[in-house]
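Per TrEMBL, the feature domain 'Major facilitator superfamily (MFS) profile' maps to 18-466. Per TrEMBL, transmembrane segment is recorded for 12-31, 68-87, 99-118, 124-146, 158-180, 192-210, 275-298, 318-338, 345-364, 376-401, 422-439, 445-462.
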Amino acid sequence: MAPKYFGVQGRVLSILQIALIVAPSFILFGYNQAGIAGLIHEEDWLKTFPEIDTVHSTGAEQSRKSTLQGFVVATFTIGALIGSLSCSYTGDKFGRRNVIFAAACCTLIGEILEASSFSLAQFIVGRVIVGLGIGQLSSIVPVWQSETSGAKNRGRHVVLDGLFICVGYVLESWINLGFFEFQHGPVTWRPPIAIAIFFSIILMASIYMFPESPRWLVMKNRSDKAKPIVAALRGMEVDSLQVQAEVSGIEHSLEETSKGGAKLRDVLRMGDDKLLYRFLLCILLQFFQQMSGSNLVSVYAPVIFQDNLNMSAEMSKVLTGGALTWKFLASFIAFFTIDRFGRRVVFIISGIGMSCCMIALAVATSFDKDNKPAMIAAGCFIYLYNTFVPIGFLGANFLYCTEVAPIRLRMAMSSISTGNHWLWNFVVVMITPVAINNIGYQYYIVYAVIAACIPISVFFFYPETMGRNLEEIDLMFRESPSVFATVRFAKTRPVAMPQEFISEKAQKPDHEEEGIEA
């Protein structure tokens, strides 16, 4: 008999997993990432942190302070970069749940430090600690989701990450607007930061009520504990054929990938597993996610509307709230298409749309700020851009990286590629205030060109993974004749049934198994 968690199993357990772990994790992601840019013009904020007051300064002083301001906002990503990279070790060493709990503790401590800050140094420390926790969550939670989800709905489960990031953005923008109406005092910025504490507490209180990743347990030679968990996640009996087949598939994949003693350095080698190819797919995908303008619009929307489009502070906050709310609604497009049309289609459509919108935004902002029709057009293209981003690059990018990695290197490849995500995130957040002040519309052209490279790269190098379980995807890469033929091979290779892994294992010669054990 399969164990129950919260007294339930199967689909209901998956829904609870999404509600109590995935949702707060990625709401924290969006809320904390976007939260500060909307506060940097508040009256009491400027009094508390005069070192980054760009409102009451001009010339060289304003340029210096805008650079420091960008750095303060970007310290979050420094912590996130460290946190995501740390998961390459901690995720496999201590397990998925333990790292999620530690990450939630980091976000809680950092949020308390931020909300109670009376000096810029304290605020920066809190910002880094929050980033440390968010970096770990952004790396470990998608892996845990992929490893506990079935092949049929894995895409929907993980693409929800992007939807909840949008929820965080939306909450942050409207909460900031609400407290902005007080006009004066610490109430305009301290409570908006402190509200995130609620989600950190939910995450800490819930994580140990859910099962550990069965794939991690198999990797730690604890298959006896993995089988009941697979049964509970699928809503089946422990001795059912489907459960036995899934666990056997995990064991088979683990044996195949560990023959050479898989090490972190192996991601830089090609070999039969094509590990370098898979690793580069992950790295490039996360680069595209940041350098096509997604974070630019999400984090600096208030700055774009106020400084770049010359709108009032209140109107900027209203339009930002509307833009991010629209982005949240557009996230449902990916939810309904990711497991119907596949990963390649959503990436290609998203890339084309983002590139076109960035070109249009560059043209609209090239006119003088007094040209009202041009500024209205620019605002419309920001909204349209927020339609295309979540289709492929607000969850699907995290999903794909966990799918193409073999089990022994999944945590390492996911954490390093997510670290690459945060590295470019830092670049965007750091340079945006300076770039908007100095080169204006030309800044958007950079993102337009990079986004245009997405459909080309995906078409030639990214094989489809929809409908295949994680072990079968691993087989697909190993059996493809070459890197350049993998996309074509994936289209023609039939989807393997889990039972095939049982038969393969049963047919394996005894001396071969002994050699593996040795």
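Cβ from N, Cα, C; glycine included.
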Would the transmembrane segment (345-364) count as touching the transmembrane segment (275-298), if touching means at least three Cβ pairs under 8 Å and pairs must be 6 or more apart in sequence?
yes
In the same chain, which residue numbers or ranges, 6 or more beyond the ends of the transmembrane segment (158-180), come under 8 angstroms Cβ to Cβ?
18, 22-23, 25-35, 38-39, 42, 141-142, 145-146, 149, 187-189, 191-192, 195, 298, 301-302, 313-314, 317-318, 320-321, 324-325, 327-328, 331-332, 334-335, 338, 390, 393-396, 398-399, 402
Tell me, roughly as an integer, the mean pLDDT over the domain 'Major facilitator superfamily (MFS) profile' (18-466).
84
Do any residues, 6 or more residues outside the transmembrane segment (422-439), come within under 8 Å Cβ-to-Cβ of it, and if so which ones?
54, 62-63, 66-67, 69-71, 73-74, 76-78, 80-81, 84, 131, 135, 138, 286-287, 290-291, 295-296, 299-300, 303-304, 307-308
Same-chain residues at least 6 beyond the ends of the transmembrane segment (318-338) whose Cβ lies under 8 Å from its Cβ atoms:
34, 38, 155-156, 159-160, 162-163, 166-167, 169-170, 172-174, 177, 297-298, 301-302, 305, 311, 345-346, 379, 382-383, 386-392, 394-396, 399, 466
Six or more residues beyond either end and a Cβ under 8 Å away: which residues meet both conditions relative to the transmembrane segment (12-31)?
4-6, 100, 103, 107, 133-134, 137-138, 141, 144-145, 148-149, 157, 160-172, 195-196, 199-200, 202-203, 206-207, 209-210, 232-233, 235, 298
Please indicate, using numbers and ranges, the residues of the same chain that are 6 or more beyond the transmembrane segment (275-298) and have a C-beta under 8 Å from a C-beta there.
30, 33-34, 169, 266-269, 304, 323-324, 327, 347, 351, 354-355, 358, 382, 385-386, 389, 393-394, 397, 400-401, 404-406, 409, 413-414, 416-418, 420-421, 424-425, 427-429, 432, 444, 446-447, 450-451, 453-454, 457, 461-462, 477, 483, 486
What residues in the same chain, six or more past the boundaries of the transmembrane segment (99-118), come closer than 8 Å to it by Cβ-Cβ distance?
21, 25, 28, 32, 48, 79, 83, 87, 90-91, 125-137, 140-141, 144, 190-191, 193-194, 196-197, 199-201, 203-204, 207-208
